[in-house]
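Structure record follows, encoded as structure tokens.
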Amino acid sequence: MTKDSPMSTVVPVMVPMPAERPYSYAVPEDMRVEPGSIVRVPLGPREVAGIVWDGPGEAVAAKRLRAISAVFDCPPISEEMRRFVDWVASYTLSPPGMVARMLLRAPAAFDPEPPTEGLRLVDGMGPDRLTAARERVMEMAGDGQAWTRAGLAHAAGVSSSVIEGLRSQGVFETVSIPPRPLVAAPDPTFGRATLTDGQAAAAARLREKAGTDAFSVTLIDGVTGSGKTEVYFEAVAAALERGKQVLILIPEIALTQAFLERFHNRFGAKPAEWHSDLAPKKRERVWRQVAEGQLRVVAGARSALFLPFRELGLIVIDEEHDPAYKQEDRVFYNARDMGVVRGHIGGFPVVLASATPSLESRVNANQGRYERIVLSSRFADAALPDLATVDMRKAAPERGGFLSPVLIEEMKKTLARGEQSLLFLNRRGYAPLTLCRVCGHRFQCPDCSSWLVEHRFRGQLVCHHCGYNEPRPEACPECGTLDHLVACGPGVERITEEVDRLFPDARTIMLSSDMMGGVKRLRLELEAIEKGEADIIIGTQLVAKGHNFPGMTLVGVVDADLGLANGDPRAAERTFQLLAQVTGRAGRTGRKSLGLLQTYQPEHPVMRAIVTGDAEAFYDRETAERERAGLPPFGRLAAIIVSAATRMEAEGHARGLRRAAPQAPEIDVLGPAEAPLAVVAGRHRFRLLVHGARRSDIQGFLRDLLKAGPKPRGSVRVQVDIDPQSFL
DNA sequence: AGCACGCCGACT
DNA sequence: GTCGGCGTGCTC
């Protein structure tokens, strides 16, 4: 701040809206701000929280200049974090204001948490008359500590009016109790795990890295059950010992309660959680305590990357291949990559862990940008399941069924041994397509033209792309014929029906992300399964994610081919990862276990890779294939998302882009039907896949597209989606 | 992203 | 006659 200026100083303030640069605000004479300060500023008709940014404030017409209304009593956002925001904005081609907005997502946290009112015994004061109730209270409070009124009443077994009576006599004085930390401090020496030789070597290497102030990326590549978590916990311990905060990113943390337990066993306390299901109050407290440095470890979903850490010294990204790390609205980013960048900016190590690493991380490791540590054997006596394909052309299911006799036979055996079976089918609902047997009418979404999926339990037809739904009709809307609608293909509901028919006495549980009762119910069901309260589990991809099912010795993949033919360049990789993860759920206790893949293409590279366990060969092949096609992970523009009302309009954008960029690349338009993306207010998001362009050209593309390209009514919103190989 | 302003259809 | 739909435009 300049002292000599008679005018009030002007500072840049990043406001939470799509502004391309910070806005300028006047600082009142008696106000002190510094870069990073969180301030309240007037913006149009309202007031918002913004962050004082770096550099001198830009000159702005005096008439427009408004003054900061208040500075929040909150630790300033660190310089590292501000550079991170700028970097993410420039890399994702989003307005920095929108990135800053992700950081300001806990509005009530900017003011300090109000201390709670406590009561403490005043020395030498006693009550006028001593009753039995009063005596108990005096005894409890005799330790000289401050108590909350309700806490003391509860502990002494009296009503709070007894306490109130004593307080009005002056026996108690009112003191303020500082807010209690959300979780206890983790103790790096608490529950040291016993590690196998391979694990110990990996842990030592990670400890070495996490014990220094230097950026590095380490990829821990270990089969499911090889103890990756225990190994990276040692890196966490090393960072904690250095007095650093630690961030552990986990996809779908709301469902991963088991992880919190394991952390607790190792560190004697739970980590703080951060995800979108967090209650607002808790959310604020986590944000605040991270900013103050009270919380040392946060386990969170991708948005935890934007928490205001002040002493961050390690990021672990578990299941780094998981597509849930990719945010595909507003600011498009992949938290795995932005995590690496955060480590680079902060000068600290980053650890990526996965049993099925993404191609791009593997390429980065092969080229020496990341260090790769392989954990090749399963922990203790946990054995990998035997894996085999079931050729559905030879072992076809009975008419009307979807389970091959081969699989049914194994389920019978498993049931007889009192062990659990898992049937995996990555498709929610009852049937993916409904048609009229009389006229051939197919039920389609009126908003986005994909097939409506029947949800029989709910009695609805639902669009899985945009959420449109209608009650399932009795008659065909086209020809009016009653009772001739037929469900085509299976979903988990239909498989559950088949299982109930085949095994009427077995205890079955169906797990699906759209299940009634939400996350809470899912958690309970998962717990029940772990306790062995079910024999057969039928589930969508959520069963592939990190749960331990100790009694599970059979995994059947109902349709292993699903997802291979959807036009996504990552289809094979994704399918491989999903199948490897889901079959890895079996045999965790060392019992002999089996995984069966029902497929019509047993010779497909994905099936071969799963059955032979040769992930290396598969990845090499896939990498070469991508390189030939000019696709990611080779550092090129992957996709532009345009918002358009129709496919024709999206094609128009694509033509404009082709014209605007003469060196241009091939552009494919993927509509909502092929690329499931959110549909907003009647407009659809189309993905323009651009082959072979360099990222440095993107800015130009977009400028030209917006300037010279066809502009069919309304705003053209363009977003960039990049799967990079290297981005530092 | 919010939020106001502004111009056309079904109702207290 | 008004309530209310979302299209367009602006925010230091």
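From the backbone N, Cα and C atoms, a Cβ is placed for every residue, glycine too.
What TrEMBL annotates here:
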type	residues	note
DOMAIN	A:209-375	domain 'Helicase ATP-binding'
BINDING	A:Cys436, A:Cys439, A:Cys476, A:Cys479	Zn(2+) 1 binding site
BINDING	A:Cys445, A:Cys448, A:Cys463, A:Cys466	Zn(2+) 2 binding site
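The distance from the Cα of A:Cys463 (Zn(2+) 2 binding site) to the Cα of A:Cys476 (Zn(2+) 1 binding site) comes to 18 Å. Checked against A:Cys445 (Zn(2+) 2 binding site) by C-alpha proximity, the binding-site residues A:Cys436, A:Cys439, A:Cys479 yield A:Cys436 as the nearest. Each residue in A:Arg437, A:Val438, A:Gly440, A:His441, A:Pro477, A:Glu478, A:Gly480, A:Thr481, A:His484 lies on the same chain as A:Cys436, A:Cys439, A:Cys476, A:Cys479 and has a C-beta within 8 Å of the C-beta centroid of that Zn(2+) 1 site, without being one of the site residues. Residues near A:Cys479 (Zn(2+) 1 binding site) in space but far in sequence (CB under 8 A, at least 6 apart, same chain), listed by position: A:Cys436, A:Val438, A:Cys439, A:His441. Around A:Cys476 (Zn(2+) 1 binding site), the same-chain residues six or more apart in sequence whose CB sits under 8 Å from its CB are A:Cys436, A:Val438, A:Cys439, A:His441, A:His484, A:Leu485, listed in sequence order. Over all protein chains present, the Cβ of A:Cys445 (Zn(2+) 2 binding site) has 23 other Cβ atoms lying within 10 Å.
Burial estimate for the binding-site residues (A:Cys436, A:Cys439, A:Cys463): highest at A:Cys463, by number of other CB atoms within 10 Å. DSSP assigns A:Cys463 (Zn(2+) 2 binding site) to coil in the three-state reduction, placing it in neither a helix nor a strand.
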